[in-house]
Amino acid sequence: MDAVSRRQVAAAFFIFLQSLKISECKKENGSNDWLLRFSMLDALFCLVLYLMRIPRLQNITSRRWFLIFTLLISVNTCVHYWYSYEIKVDLVLTTHPNKTEERINIDNIIGDRLKGTVDVRILPWNTFEFNPGKRNYCIHDKSFPAESNMLKIQENDKKNCIPIITNEKGARELIYSINSINYTMILTETDNCIPISKPGIYKLEYIKNELKIKSNDAAVTLCPQVRFQETTGNLEICELEKDQVSLPILLKSDNSHVDLTFKLKKPSGDILFSKEFEVVPGQVNSLFLDVGDIDQVGDYLVVLNKIISGEHIVEYEKGNSMLVRKIKAPTGSFDCRGDVELLLNGDVNLPIKLNGHPPFHLNIQHESGKQFSIETNANNYNYNVKESGVYSIKEIKDSKCASKGDSICTVVDVPKPTIDIRFERISSSCSGDQGADFYFSLTGKGPWSIEFEEIHGNRRDKRIINIPSHSYVYKTFPKNSGVYRYQFIKFSDSRYLNIPLDQSFEQEIHPLPEASFLGLTQINKCLNEDLHVPISLIGNFPLSLSIQTLEPSGKINLTKLNDINQNELIFKTNIFNFGGVYSLSLIEVKDKDGCVRRLSNLLEVKINKKIPSISLEKSEFWISEGRFLNIPVNLSGEGPWKVGLIKDSGIYREIELKSSSLLINEAGSYKIVSISDEHCKGTVEPNLEFNVFLHPKPKLLYSINQTSFMHCLNSINKNSVKFDLIGSSPFTLHYKIVINGKVKEMETFVKDKFLEFCFSIPSIDGNVEYQFTHLSDANYEKIPIDNIKILHQVTSPPSIVFPSSIKKVYCIEEELDETEVITLVGKPPFSISLSIFDKNGLESFESFKNINSNKFALLIRPGMTAFKFNNVTDGNSCVSTLENHELLKIHGIEKPFIISDQTDACIGDILGFTLGGAGPWTIKYEFQTLQKPSTVKTESLSTNKFYVHTAFPGTLSIVSICNQFCCSESKSPLAKVHIHDLPLGVLETGKDLQKSIHEGDAVDMTITMQGHPPFD
């Protein structure tokens, strides 16, 4: 930078520093600190000038100007210091609140240095103060017996603290005091409230590092509180008590005058009240709260809402309430429903209905002035009294309230009822008609009932008459004749029961006349016959009788008979000219006393329209012995009929017929001599005869008289016998089959008189006996047969049983000529037929007869390759064909042998042998040593290789080789191998185990050899 530029920069920087001084002076507003800051700025300016090395300062002129400049700065500093000197004077300014600047006159301030008019700028105070509009606060009194959560709010104190009004922003450290004790808090824009912790004087002292503070103080006292007394609980008042209700409360306040606001919740709606109280400040005052009129029954809730004491207002949110319940007074009244009647020497219950809260206490007064006390837990009570008069309820008490009673009940005496009985007889009383009348006149309260006994002879009947009114007539209707006595025992009305009576009355009853047909209800007569009907009569003669006759045509005839003086009358009439049913009725009978009995006796007279007769269609009939025969006859008339018969022996008998058949039980000649039905006698034709012949019994004839037959079980041929039958076909032959003790009943239907009876083919062997027991034909059932029994002997067919070990294979080198024994089953003697096949397959037949034993030796000859049994016959001639028998084949097999050419072996060698012939093989071999006895072993092989491991010296001999059918064995072994011990050489050393020799010398060593020389 060149010199000119540097000078320009220095001038600019100087101007900047000077302007900064002016601003700092204004900002500090007379503070002494700005001088130090100015000096620092000047020193900084000089340093900058030196650093910039302005060239002008290097010569004398420059130094002169620099000295002038420095002097100028010093003067400037002195002037500044002079003006900034603090002069403490009392200056009273009266300014407008909204003015920030004002021109004032300053006179006589420290001589004449400052006189004249100056402009003063008014700066605001740093304000920190409590709300000037509210200087009093309150805090909850914890010693007051009330729940703190009852308090809802405190007026203008929702945060429970004292707010601070300030015009400063940012955090400040505030020092405040409570009762002259300092406390510190950080005051911010959000946390600008001093918490109220206890009662006292709260004052703002100062703000740390601030020169000015405007403050005031605030007073905190205990909040007023109120509540209902704790021991009171819910209040119950009676309906009849006064309506004005006062409730005990506890109230505490620092002010002597308190306003209390409470709400009364009534069933009709809520009412808000306000009451004023004078209290002793600072103490718990026990007062009474008048809640006004509670005029209706129900629940009333008194809620304490708000308490006001001076500037303090406390509202309650919950719990500060009391329930006032107005209870309905007890009531009680007689439920008499009119006058209560009291019987003579009796008592009566007066019903009382009670409402309230049990137990109840009642005071009841009689009209005579007597008072009675009653205690009960029931709402319905019966009060028992024995005295008439007016009873009134004077007082009623329950467990909660009391009330006056106004109910009355009148008890009146009831006299006993009376009865007057008047008895009127009828001059001539007949049984069954109306008798005497009883007239009753009664007093009392109905309905009435009268009990009496009706005595007739030895019979006593109790009767009860129910009477609805004061006057009543009772009519008697005696059913029988004789003397009736009426003994009255007791009567009752609706009040009195069983009042005794002792009155009796009598009346005589004449018997009614009687008439009847002597028990007859129906009479049968023949046409144009006279009728004589007996009628029985009883009564006081003479009697008159009315009889009515009803003809089949509907015509009615009435006959009246008078002056009857006898007990039995024969009524005669001959009006029965037509067949049919006539009805005779007894209408009425009357005696001389005028007693009339209505009758209902009815007699039916049946007139037969036809005369009975009998005839036969034929004159010959057949009957079986011991049976009945129905002979058809032709009958006329109305049954049942009776027929008279005379047998050829002269015996007469009468047979009753209900249908058109005559029942005969024996053979002979019969003649019909008479016939009649139940009411009329008929006519019989002359010589009306018939003959009854006897059927012969059936018979079974067996002419051969063979009683037994033989039958083979497998034979299809049936045995049979022939019978002749005598009797009337068809026949039924009944027989029994007895098989091994079991009986089976059978029958055979035969149309002809000849029968060939075939025996059934049996399924098992044994004896089957046929017993022919009964024979039936067309006329007889199961006529016994005399002792015809046939034995059917069933035998099993003969069979052959081969032995289980029959030889079917042979060795080729062996000779055959062997025999095999077979078993024959059946009855000897037997005959056998068999086929023999040679090695070329040619078949030859051979028979063996008269074999008397059950054992048979079959010779197996050389050259036979197979044989087969064809049939066998036993002694019962039963033949069994053996077509399905197995063809027994015989074939040769090669004998087993061993192949081996080894005769010597050493210990440890494995000996191998090859086997020939058909396997599998069984080898028997023997091993013999010098020290031990010989050992024989047997092994079974399925392959043709046999190996033996040699472990000891000795001799191994193969004794025999066998397969399933053949064996190879002999007196000498089939193969023999000598097993030798291993050779051994032993060096004989003598006493010296070690010998020393010179090079080129020799030493002799003796070796002893064991074994079979020559040795290598």
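Note: Cβ is positioned from N, Cα and C throughout, glycine not excepted.
If you check TrEMBL, you get these features:
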- 2-81: domain 'Nucleoporin POM152 N-terminal transmembrane' (DOMAIN)
- 35-52: transmembrane segment (TRANSMEM)
- 64-83: transmembrane segment (TRANSMEM)
- 330-402: domain 'Nucleoporin POM152 Ig-like' (DOMAIN)
- 414-513: domain 'Nucleoporin POM152 immunoglobulin-like' (DOMAIN)
- 618-686: domain 'Nucleoporin POM152 Ig-like' (DOMAIN)
- 707-793: domain 'Nucleoporin POM152 immunoglobulin-like' (DOMAIN)
- 900-967: domain 'Nucleoporin POM152 ninth Ig-like' (DOMAIN)
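Secondary structure of the domain 'Nucleoporin POM152 Ig-like' (330-402) per DSSP (helix as H, G, I; strand as E, B; remaining residues coil): 0 helix, 45 strand, 28 coil. Between the domain 'Nucleoporin POM152 Ig-like' (330-402) and the stretches 414-513, 618-686, 707-793, Cβ pairs under 8 Å are most numerous for 414-513.
DSSP assignment over the domain 'Nucleoporin POM152 ninth Ig-like' (900-967) gives 0 helix, 40 strand, 28 coil. With helix defined as DSSP H, G or I and strand as E or B, the domain 'Nucleoporin POM152 immunoglobulin-like' (414-513) counts 0 helix, 60 strand, 40 coil. The average pLDDT computed for the domain 'Nucleoporin POM152 ninth Ig-like' (900-967) is 81.
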